[in-house]
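Q: Let me begin by handing over the structure; questions about it come next.
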Amino acid sequence: MGSPSLYSARKTTLALAVALSFAWQAPVFAHGGEAHMVPMDKTLKEFGADVQWDDYAQLFTLIKDGAYVKVKPGAQTAIVNGQPLALQVPVVMKDNKAWVSDTFINDVFQSGLDQTFQVEKRPHPLNALTADEIKQAVEIVKASADFKPNTRFTEISLLPPDKEAVWAFALENKPVDQPRKADVIMLDGKHIIEAVVDLQNNKLLSWQPIKDAHGMVLLDDFASVQNIINNSEEFAAAVKKRGITDAKKVITTPLTVGYFDGKDGLKQDARLLKVISYLDVGDGNYWAHPIENLVAVVDLEQKKIVKIEEGPVVPVPMTARPFDGRDRVAPAVKPMQIIEPEGKNYTITGDMIHWRNWDFHLSMNSRVGPMISTVTYNDNGTKRKVMYEGSLGGMIVPYGDPDIGWYFKAYLDSGDYGMGTLTSPIARGKDAPSNAVLLNETIADYTGVPMEIPRAIAVFERYAGPEYKHQEMGQPNVSTERRELVVRWISTVGNYDYIFDWIFHENGTIGIDAGATGIEAVKGVKAKTMHDETAKDDTRYGTLIDHNIVGTTHQHIYNFRLDLDVDGENNSLVAMDPVVKPNTAGGPRTSTMQVNQYNIGNEQDAAQKFDPGTIRLLSNPNKENRMGNPVSYQIIPYAGGTHPVAKGAQFAPDEWIYHRLSFMDKQLWVTRYHPGERFPEGKYPNRSTHDTGLGQYSKDNESLDNTDAVVWMTTGTTHVARAEEWPIMPTEWVHTLLKPWNFFDETPTLGALKKDK
């Protein structure tokens, strides 16, 4: 996983321009020698701590990851997580500024009173590759006679050891007797190469060219496309017809071209991108100024535009629409503090997180983001398996407009672009609460150089309402609060920002939330209002959300790969359908509520649209709770949100996108575990001609009876735009759940029984 962040994005201003009467205590001594003093504000901000001044109490509050510190100027003692700590040198004031000794950070934040971070004594076998391991893998690959100088790196990641060995390590402390290996994917021009490197023995194990596949779009492709556009006379002439004389003000967005069986006139074996463009008018929001009906097709190998596709000229919307607040007055909001005065309730040991009864491993992947692994729940002293590995499997954002600049738009954000690579650093106090621990993560860039992403993942505990409550008449109230541990990650893919939360509940439930925010992809039109002559045609495929701007209808479809091991690897898929049946037992009632229960025995039958009136369980037929019920987890692909996709993809069955990406149309898939089956859209979905993902994985229709199975959960929203989402979109959430079902013997949050005296 990552290291705690050394930088804080929260811009906390010290309120020190007040009538403080503390005099500069010079010289200041520590251990008999003169102390070297440094400015508190600058020093602690660079360290990544929040600094707050309470004018009424005349004290500072300092917050950094698991440490919560209170200290008064001139005091010889600080309070760290509720415990007193003697200071070698007090905080002193001079000219209304606070100064601390250069040993202050070490004295306070390394005092041992913050127990959030623990030293990892046994490296977890699923730890992501370190920067040194990435460098080692690249050196070994580059030493191959087959390596060419212009080869770029798509992914460099851990090739995990066998699942059985990892579980034995996690539960029984058995060492993994397998060398660390790196899985390396490269692009030699348009050709994909896969390599495996043995890091322990420092050797190349395999080198495999991949045929009939296109690789990811890499970050340097964006710069290449912009350069090609800037130097194209043909493109300059095309934008000039639209009243744009300075082509360098045109911002390009390179997009994958999809697959249409040659009907788009594009060569299948060429490495192509379609480029749509926007005009930078200086308002900080070029997305509001689309250059409509103009598409440039760029060949990345030839480094040139091979085709320009044009439709009727539509004037570029020119009204400024900044979203950064430059033209607004921010509302006055009183501060809200989240404090943990005695420290965190969780610990982070290397890449393992322990909170209440949960233990799990956390790492970062350049394609799908956070990987949650070896998830166990401590049930009265027994560690029980819940999930071997969970992550975003993949996602797609398909648009429903058939026009020239829109018909090909179906963004496979993780599979085509790499959402881990596009991680957005988390802003403390805005993107995550101020009490969050922010973790840096390291991945490889396209040159194979390790790249640290600051504040890549946030971990925090939060209040989540009552866990349970009952008020018996005449008796004391019985209730307890619900706490949740959240692992948050954000990826920015072009105009949209996606927030993913993995939420652990004390009662054994795991929630997975996906939030979409950012800027809508909009279409330039002639209509200013719905009363204009062209309004009906202009809004056939979307909503008029501003003058001359339509938000086009589309979907955000997420799929999560969940290798659940419910109290063990061998599980079965069980259906429970509540039904109304006649009352045959007598009495005044004519009907009863009953449940039809049956097993779903194979992969093709398991692929289903989600009916919220039914129950689907992954059950362990070999384990029972004390009442004799099989222990299970309920799979809930949609547990609330906006515009659910429960009825599937909004495409006709004869569409190529429908055939290439089956995962879109059904919300529940279950397949037999195979370690190489990792992505619902397939390993290389860019311009794929057929389904190489879940449609292929389930084609052999393997049995799901009492076997190691993987759950693939599809959810999302059908996004019909509205004015309230423009020019920037409030976060729209969709929620999913994995809920224990007879997994426990009783309410799991009651606590342990008191021991007899």
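Each Cβ is built from the backbone N, Cα and C atoms, and glycine gets one as well.
These numbers come from a predicted model, not from an experiment.
What Swiss-Prot records for Asp413 is active site, proton acceptor, and it gives experimental evidence as the kind of evidence. Among the features that Swiss-Prot reports, active site, schiff-base intermediate with substrate is placed at Tyr496. Summarising the annotation, Swiss-Prot assigns substrate binding site to 411-422, 493-498. According to Swiss-Prot, the Ca(2+) 1 binding site annotation covers Asp563, Leu564, Asp565, Asp708, Ala709, on the basis of experimental evidence. According to Swiss-Prot, the feature Mn(2+) binding site maps to Asp563, Asp565, Asp708. Swiss-Prot lists 680-701 with the feature region 'Disordered'. Per Swiss-Prot, the feature signal peptide maps to 1-30; the stated evidence is experimental evidence.
In terms of burial and nearby residues, how do these features look in this structure?
A: There are 23 other CB atoms within 10 A of the CB of Asp413 (active site, proton acceptor), with all protein chains counted.
Under the DSSP three-state reduction, Tyr496 (active site, schiff-base intermediate with substrate) is assigned to strand. Listed in sequence order, Val397, Ala516, Thr517, Gly518, Ile519, Ala521, His556 are the same-chain residues at least 6 apart in sequence whose CB falls under 8 Å from the CB of Tyr496 (active site, schiff-base intermediate with substrate).
When secondary structure is read from DSSP and collapsed to three states, Leu564 (Ca(2+) 1 binding site) falls in the strand class.
In the shown protein chains, 21 other C-beta atoms lie within 10 A of the C-beta of Asp563 (Ca(2+) 1 binding site).
Counting residues of the region 'Disordered' (680-701) by DSSP class, helix then strand then coil, yields 4 helix, 0 strand, 18 coil.
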Q: CB neighbours of Gly420 (substrate binding site) within 10 A?
A: 25
Q: Provide the number of Cβ atoms within 10 Å of the Cβ of Val493 (substrate binding site), excluding the reference atom itself.
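A: I get 19 for this one.
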Q: Around the Ca(2+) 1 site formed by Asp563, Leu564, Asp565, Asp708, Ala709, which additional residues qualify by having Cβ within 8 Å of the site's Cβ center?
A: Met387, Tyr388, Leu562, Val566, Glu569, Asn571, Leu618, Tyr673, Val710, Val711
Q: Among the binding-site residues listed here (Asp565, Asp708), identify the one with the smallest other-Cβ count within 10 Å.
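A: With the binding-site residues Asp565, Asp708, fewest surrounding Cβ atoms within 10 Å: Asp708.
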Q: I'd like the Cβ neighbour count for Tyr417 (substrate binding site), meaning other Cβ atoms within 10 Å of its Cβ, all protein chains included.
A: 25
